[in-house]
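> Summarising the annotation, TrEMBL assigns active site, proton acceptor to 632. Annotated active site, proton donor per TrEMBL: 785, in sequence order. Per TrEMBL, the feature domain 'Ketosynthase family 3 (KS3)' maps to 1-293. Annotated domain 'PKS/mFAS DH' per TrEMBL: 602-863, in sequence order. The region 'N-terminal hotdog fold' annotation in TrEMBL covers 602-719. Here TrEMBL flags 735-863 as region 'C-terminal hotdog fold'.
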């Protein structure tokens, strides 16, 4: 992939170096995050991420940086690497990583993108674990080879790290091993751990590996191990080693009890548990890490000591983002430390976070939640202070819960203590005289001023009226707290009421506040926010704090946050110490990734570089890139397109020269199509291309059969190979002389060409088929095939022709692509020269097309003689009749043309049922059987039935599953989930088997044959049903039936006591119409209770949800087509 990009000749990639240079992974992060410190990658194979962590640890300790981001990535985008590891013998062939197990046979590769953040503990707001020590070494030379692990060097590393760190092996609570599950790696590592640690302990050492759970993520594996340990430290539980059944023999540490593998959820002991982590690199780089559990435990499950609600403001780029945060806060238990983390994040504005909202949390649950979309500048905030009578006490009582307010009141108390005045008693209504009321009202408003300043709110202006003028002067720091209180105290001695004081303040000159405007004279701008702190409402749009409950102030703060004002909310609540306690929920999961965006990744087939001019191609309809070939149908067969052969040769030719397919002009000559290849519906079509380097002669083989031959080369002057006749445009002035797309493909259909999809791209042409328009849809194969279609269309015959040879093809890719430009779909003119036998469009010319007429396939069907009779659902039948009836019931209820069925035989001795079903389906037109006998045992070839191992998987499309004694299984879910929506199960039970009531299934038929009982059942379905009685005597029911078909509910039509009635024919026809599959019918011929869906007689049958239900001869059944028995000749 890199070679292809960096070696382009015609259009070199100027950004290729920055795209593929490994160091740019780190540099791009530093660039986007504006980081200035060390920035580089560590590539030591499987130990890369812990090597990077070791470098980060040392960089912080040496002062090179304050913080560090350490990441590890492993993405499995190219199967070639997996193939190399498999050939090396380190991958598990059964896809299971069985670490330390006797049957361990390798590891499974895993994808990971992991990242951690390192910083000094003194500045950390959260600590998951404390990094104690880390160390690395390298194996160096080893007699067994570079890939063989060294027990000696691993043991030396572990010994040195405990000697240097000051910790002893006995301090370890758990060790997270590198443990990959390879036959060599596990015993070598266990021996090193045993020698360096386990033998020096008194207690067994717990040991495990995360790779058994998530696979080996190679360069990122060290961080995955670290994350597993952090989860254990947070939850207190160590994840078990799954797939460990029996310890591998020969590992003495386990056998002698010094090591103990964690095979079930195990408690991590110790509030300051020390854990070691091994991480060994492929090639000999070894790393070990010691970390310690953060000991700070959460008190009272995070609940505060007070009853004050907490306001949490959040913002987000999208509505989904902000709802994710708000819902998380509401749904999680109230935790002040979790709230504190949010306060820290959202105390300032974040660019492009256009949704802002808040929630108010309390011990009793969330009190208020709101959010808004906001893109404007913050609305101006105005704060107005006024006069109070006694209502200041209500406000003061609430604000005493906030530390900044309480601190201000305490300062005022100290100032007035020599006057024998206690402000807190005044607020609590213990001193009620006028002088005290005036001082109390002033103190409360001053306290609120300090709260607003603590929040770092920046109002556009603060106004005051009467008493409020003194508060305004204090806000603007014109006067001090002491001056404000002494002025109020002096004034209070000379006035009788607070109102009198307000009048004095409004009329008399005052040195302190003469420059402050009166509140009543202020004209506030539109769309402004007004906070009125008084007991008088002067503006309809203002917010008053005194008139409502204790949540009003927090709601006000939340509302102004929504309008663009940022708040330092943590300052008004009791202090929460960082770092937060262990167990505080994580915030990072709330960050959602936009998965709607797709990222381009190269497909390895398209950029396989080879020096040899030969290549094997594997085509399959299971691959998305090959599904377009389903549209190339000729005479009912999905033939491999002729142009696809040439495209394979084209790709092989240019890739052997390290070029892309569009880089050079190409000429094909003397192409011969020797035999046709059919694309299989399942499986692969394998073709092999070989090109002689000297001559350019190529061959395409399918196994040992020659398919196509010809010659390919790249000319120096492509213009010399092009024809001279000029292209002309289609004349569309006379519509009668122009064929539209539908008319073109109707004609081709009559000749036997059933094109669809990308192959159906001839948009228009004239009646002579000499000039037309072809759709360019970015596919060279289908575009050139549509050029061939023009030549075929020109032949004035209804015979079926297929190409057998082409004299020459000239392709100039850039000439066509320059015309197309950036358009993914456009119309290109095409001309056909009858005289020269050339099909030409801009950039492509096809010369000398040779085609031979072939015979059309003739479908021959023998007439089937049948009788039509009633068959009970529970009856005695021979095996063939039972199979025929059940098959017809399945087809009748499913309405599917593709009959996908699997039979799982119990033994090779029993009669197989799928061959019988195949024989029945031969009598049913327009049905495509796809029948498979799932077994690993060799079975003689059966016409029309495949024999292969077919595992049942969830979300399958099987219409029928056949098995033995299925109803005797305790769990039917694995079988039911493999069925399609309309699927059935046919089980073969013993003759004495008794059917009982089943919870999740409905029994459809029970047929007793000579040797067994065949039971057909399906998964229970529950629908709302609309019941309509029909009659051939009148048609009043018809409008109701028509209207019901437009609704979502099922429609059940019924007829009772009318033996000659056309209800079954009516329903069968209706079910074939669009939306008609919801129609079911009940035909009650015999005497029976009057039809009532609530009557258990009918209710049990309705639950089966069958298309046709007939009650006759005292039994429920259906009318079926059975073969007419041969009549004996009468002489």
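Residue positions begin at 1 at the first shown residue.
Cβ atoms here come from the backbone N, Cα and C positions, even for glycine.
Automatic, uncurated: that is what TrEMBL annotation is.
Quick caveat, the model's predicted, so the values are computed rather than measured.
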> Could you give the number of helix, strand and coil residues in the region 'N-terminal hotdog fold' (602-719) as assigned by DSSP?
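Helix, strand and coil residues of the region 'N-terminal hotdog fold' (602-719) number 28 helix, 42 strand, 48 coil.
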> Roughly how many angstrom lie between the C-alpha atoms of residue 785 (active site, proton donor) and residue 632 (active site, proton acceptor)?
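With distance taken Cα to Cα, residue 632 (active site, proton acceptor) is 9 Å from residue 785 (active site, proton donor).
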> Can you count helix, strand and coil residues in the region 'C-terminal hotdog fold' (735-863) using DSSP?
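Taking the region 'C-terminal hotdog fold' (735-863) as a whole: 40 helix, 50 strand, 39 coil.
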> Whose Cβ, among the active-site residues 632, 785, has more other Cβ atoms within 10 Å than any of the rest?
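Top count of Cβ atoms within 10 Å goes to 632.
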> Can you give me the average pLDDT across the region 'N-terminal hotdog fold' (602-719), rounded to a whole number?
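For the region 'N-terminal hotdog fold' (602-719), the model's average pLDDT rounds to 86.
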